[in-house]
Structures are given as structure tokens and as C-alpha cells.
Amino acid sequence: MKKAEVVCELLECGYAVNATGAAAFGQGSGSEVDTKDSCFDNVTALQQCSIKGFTAGTCGHEHDAGVLCAAQLRLVSSLSQCAGRVEILHKGQWGTVCDDEWEMSNADVVCKQLGCGIAVSAPTSAHFGKGTGPIWLDNVVCSGQEAALTHCKHHGFGEHNCGHHEDAGVICSGSLEKPRISLSPGPEVNWGDNVEITCTIVTEHLGGTFVLRKTQESTKLEMFFEHEAATFIFSKVDFNHTGSYFCEYHKKLQDQDISYPQGNTVDLFVTVKLGKPSISLTSPQAMVIYSPDKISVTQGSSFSITCSTYSTYAEGVFHLMWSDKRSSETQPAFTYFIFSQANFDFATIGYEHQGEYTCVYSVNISSLPFCSAPSKTLQVTVQAPLSLTVGGVVGGVVVLLVVLVIGYLVSRNRWRAAGTTVQFQNRFGAAMRPNVEDRSDGVLDGREWNMHSNVNNCRTEAKNQDGKTILEDMDGRVCYELEPLVCIGPK
Ligand SMILES: [Ca+2]
Ligand SMILES: [Ca+2]
């Protein structure tokens, strides 16, 4: 190849595309010569060897050497090296190519020669602007198989009847960037959410058609857009929207449809995310509300466990899971706006009710069941009634004392609680104020809302070790007048 380069250079035929042996261009006739390797060091050396005369060779014409040269090409006046006005170097001077008979097959040869893939367009009429200097080629006719543009048929260098307003250009596939795709709010979305898929293109040829396709499906969404990005909006997605998507971009240019390379795919996954429900315990008889981790309940008393959650998915059911018996009970949820709850009543508590309880919220969407993670665990232990452990008169005295103490506490709280903020809610959901901004984490433990009330006789707030406000449990104060009540939890 190095020897071929020197030959092409000497003949001012551009660069060497190929060096062949074995009479690839046919056998010659007449005398043959041997040449020293040093003759091909450079053009000057080859000229000097030629002047001195070569020594006669004995190879035979079947070994005749051949060289394939090609004029150097470049594409100018575009942002990409693989698109632009075609310019050709001949006798040390860059010139243009006339658009007469300028076809896709010509453009294909140019793109291949430059390592720019295949042609997507063969623009004419100085699409990339008028060149300057000589018009080197005219009426170029390529089959598309040629290795270089100068191997196509043409009238010869500098032979033309053109002006620079006829300068030919090419757009090769190597110049086209594939469109990019992005998903909002993200690849995993909730059933019923709105989703935006944006296709973005980097190109000099704006004003094309964006196409959004889903893999393995023939359906497509199309949008003509003058700008570099187009957004496709899916409102209220369902499970059918789950899948892989990709963008395409097409642009008509001088009656040729340029198809940009297919973009990468992104996956959209539609799911149902349910927040962790809250669990709390209500004793209707004693009218005490609390939501502890553990609770000790007197045998024979009654209470109810309340499961609650915030969810945009209404009309679900709550399951009260009972670990000790590995069983569960199910209640339909009562829903107000995005708040849902259900009560599980235990009329007469017995030792068989001891164990750990958790709440799970469940909804059916498109005939598919979805469950939340279980709530925190509520551990219930059952203790003997006071009268069985402390007999007769002593018990009566203790009960009397307890009643007196409670009476004192209540009267004190009545006075103290007047006009204070109270964090509970009646069961019918009036005046709820859900904190919509703060439910993004899906974990709704009752912190997100509270209710302001001037109802008297209810517990006031207390601070836990972290300084957070909590509601006091059974050991604290008692609530008499509001019934039914549901504990909403700490503020
Ligand atoms: Ca023309
Ligand atoms: Ca012509």
C-alpha cells in the first residue's frame, strides 16, 4: 500500500484505495521491470529511479502490479462531518461537484468512501450553500458499488456546464443522531397517574415528525413538531401502558424522507403502590383511645381495632392479620376523600384474643389484587379482671380510689383542655385536612393530618423522648364525652 500511495501521489490521482497484484487490471505487454524498494520511498525517489531507468524483470505479466487511487473528498458547511456540500481535491485544489444526475447511488458512494454509513439524502441545488473554486466533476453516474466517487462515470476533471448554485451535497446516516427519550415522573408510576414521554432530537433539520412506538406493538403515536422535542402525554395510565417505548424521527427534505436511527428504549412500569396503614385500638366502653405498641386488656371487656390509611385507591378492604392464630378478618373500608378506615370490634375479649395484630390495606384494580405492607404490630395481652385478683372489700376500695382519682384527673383536664388543640377525629370524618404534599413517600402513619377542635374533656398532648408530641395512653388521661372516637395519632 505504501508503494501504491507513492504512485497515486506521483500521478496526482489522490490517495491509494487499493494495491493489487496478479494482474488484477489485466496483463500488460512489452518489457517488464524490477524496481528496488527504495524507489518507492517517496515521489522524488520514484522520479529519480524512472530517470535512471529500471532493470529488466523476469516475473511474467501474470504478476503485473496495480494501484487503485481515489481523489480525496470532504463534506463542508454542516455541523457533522458526515453531511454537507461535497468537495473533491484535485491537483492540490478543492472543488465542488455539480448536481446534474446527482442521485442517491452517488451519495451512497460518497458516504461509504468517507466511512459515514449509508446515504439518507442526496440534496441538490447548493443545499449546503454555494462553494468556491473549480467545479471538478459533472454528470457523475454511480452504480452505488464504487469504492470512490472518482471511480463513477463522469466527464473528466474540470469538464462541466454548471454553476456553484448547482453544488451537490449528501446527508449520510453517520450524521444523524438517534432521538433521545425521557419519562416523567419516572419509569415506575402509579396506576391512574399522568405520564409524559418526551422525544428529543439533535439535528439541523428541525420541523419533522416525532413518532413514539411501543416495542412489539404496531400502534404508534405521531406528532409533527417544529422544535427539537415533542412530548406525548398519557393521562390516567393503566396496566396496558406498561412496556418498552422508543422514539423515531422523520424529516422530509427535497422530497426525500430522512429516517433518523431508531432511539433507545425506556421501560414504563405501571403499578399500584399502597402506603403502610396505621393501627390503633379503641375501647368503646371505657372510651379510651390509644395506639400503643403493646396493650394489656382486661378479660371480658370490649374494644375495637381501627385500621386506617391514606390512599388514592378507594373502596378497598382492610385485613386485620392475627399472627398467633395465623388468621385474618376482613372489613370493607369506609372512605372519605383519600382517607380510608375500618373497625374490627371485639365484643367480649378473652384469652384467645391475645396476640400480635397488624393491618393490611388491599384494593382490586383491573381485577388484580394489591396489598399494602403491614402496619406496625399491636401486641395485645389479656389480663384477669381486677375483682378476681384482688378480693372483695379490698378490691372495692381500690376501685373506689381509682374512680376518685380518675374523677379528679378528668375535672382537672376539663379545665385544662378548654380551647386546646386536640388530635383526634370522629369516625365520620368531618373536617379532615389531609396533607396532600406530604404523602409522596406513601407511608402514612397518621402524622399527615390533624383536626382542630374545641371539644373538652380530651387528652392533651405530651412529649416523648424525641421531643415529638404524642398522645398519652391508658396511663394518662381519659376522654369521656366523644364517642365514637378514633385516634389520629401524634401531630
Ligand atoms: Ca443542475
Ligand atoms: Ca452537466
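Even glycines carry a Cβ here, placed using N, Cα and C.
Sequence annotations record features per position, and here TrEMBL assigns domain 'SRCR' to 1-70, 73-173. The disulfide bond annotation in TrEMBL covers CYS8-CYS69, CYS39-CYS49, CYS98-CYS162, CYS111-CYS172, CYS142-CYS152. As annotated by TrEMBL, domain 'Ig-like' applies to 284-359. Residues annotated as transmembrane segment in TrEMBL: 386-410.
Sequence-distant neighbours of CYS152 (disulfide bond) (same chain, 6+ residues apart, CB-CB distance under 8 A): ASN106, VAL109, VAL140, VAL141, CYS142, SER143, GLU146. Among the disulfide-bonded residues listed (CYS39, CYS49, CYS98, CYS162), CYS39 has its Cα nearest to the Cα of CYS69 (disulfide bond). Distance noted between the C-alpha atoms of CYS98 (disulfide bond) and CYS111 (disulfide bond) is 17 Å. Under DSSP, residues within the domain 'Ig-like' (284-359) fall into helix, strand and coil as 3 helix, 44 strand, 29 coil. Each of the disulfide-bonded residues CYS8, CYS39, CYS142, CYS162, CYS172 was assessed for Cβ neighbours inside 10 Å, and the highest tally belongs to CYS172. When Cβ atoms from all protein chains are considered, those within 10 Å of CYS98 (disulfide bond) total 24, not counting its own. Set side by side, the disulfide-bonded residues CYS49, CYS111 differ in how many other CB atoms lie within 10 angstroms of their CB, and the most is found at CYS111. Cα of CYS49 (disulfide bond) to Cα of CYS8 (disulfide bond): a distance of 16 Å. For the pair CYS8 (disulfide bond) and CYS162 (disulfide bond), the Cα-Cα distance reads 28 Å. A Cα-Cα distance of 34 Å separates CYS111 (disulfide bond) from CYS39 (disulfide bond). Residue counts for the domain 'SRCR' (1-70) under DSSP, split into helix (H, G, I), strand (E, B) and coil, are 26 helix, 15 strand, 29 coil.
This prediction places the mean pLDDT of the domain 'SRCR' (1-70) at 80. The Cβ of CYS69 (disulfide bond) has 21 other Cβ atoms within 10 Å, all protein chains considered. According to DSSP, CYS142 (disulfide bond) sits in a coil region rather than a helix or strand. A gap of 40 Å separates the Cα atoms of CYS39 (disulfide bond) and CYS172 (disulfide bond).
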